[in-house]
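The structure appears right after this line, and notes come after that.
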Amino acid sequence: MDTLLIAADSALRTLFARPRAGEPSPARSLPAVDLSVEQRRLSSALMRVNHVGEVCAQGLYMAQSCVTRDPQLRSDLLAAAREETDHLAWTRERLDALGSRPSLLNPLWFAGAFAIGLVAARVSDQASLGFVVETERQVSAHLQGHLRRLPEADLPSRAIVDRMQRDEERHAAQAQAAGALPLPPPARWLMKAAAKVMTTTAHHI
């Protein structure tokens, strides 16, 4: 029951409250930059997609922590969720600075990620960890692509994305070391297809 209450609290905080980071944003010490209208529009779209990714991460980790009966794994999942909360706060701060807003479909993204996390976790802890590994690897690849697309002048956004990518790679490595099972190719393909729908939609809405 305590875990379910924690998950419900996380959902409410993720979707309806302004997230509080435990660590200052990597962009905090950087000066404001003067971007053109087109540059600002592109940065806003990419950071909105990144914010959606962090909303999904909260749903995924919370679902998995609700199901596992392994205290150490639950602790590790909740620790990863706290780090993802930093990312959530940083991307929201950057969206505010760019004069933009999060995706209007965040409740849908969170619910979908939570449902997928529940399904993966009910198979086994190892399968759940395998899902984490694949998710974090795909997110890392998306972030690398965003680093190539973000305007060179947008140093604050680039600093945030660079730090996020390094954190996601570490999360994948930790899940792998904890005994993750590799996902079958069809599952990886479905995840990529779902991510494509999400990123394309969040880019605009």
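Here the Cβ of each residue, glycine as well, is placed from N, Cα and C on the backbone.
Listed in sequence order, the residues of the same chain lying 6 or more apart from GLU168 (Fe cation 1 binding site) and placing their CB within less than 8 Å of its CB are GLU136, VAL139, SER140, LEU143. The Fe cation 1 binding site annotation in Swiss-Prot covers GLU54, GLU84, HIS87, GLU168.
Annotation comment: Swiss-Prot describes GLU84, GLU136, GLU168, HIS171 as Fe cation 2 binding site, evidence class sequence analysis. Within 10 Å of the C-beta atom of GLU84 (Fe cation 1 binding site) sit 25 other C-beta atoms, taking all shown protein chains into account.
Annotated pair HIS87 (Fe cation 1 binding site) and HIS171 (Fe cation 2 binding site), C-alpha to C-alpha distance, rounded: 13 Å. Rounded to a whole number, the distance between the Cα atoms of HIS171 (Fe cation 2 binding site) and GLU54 (Fe cation 1 binding site) is 13 Å.
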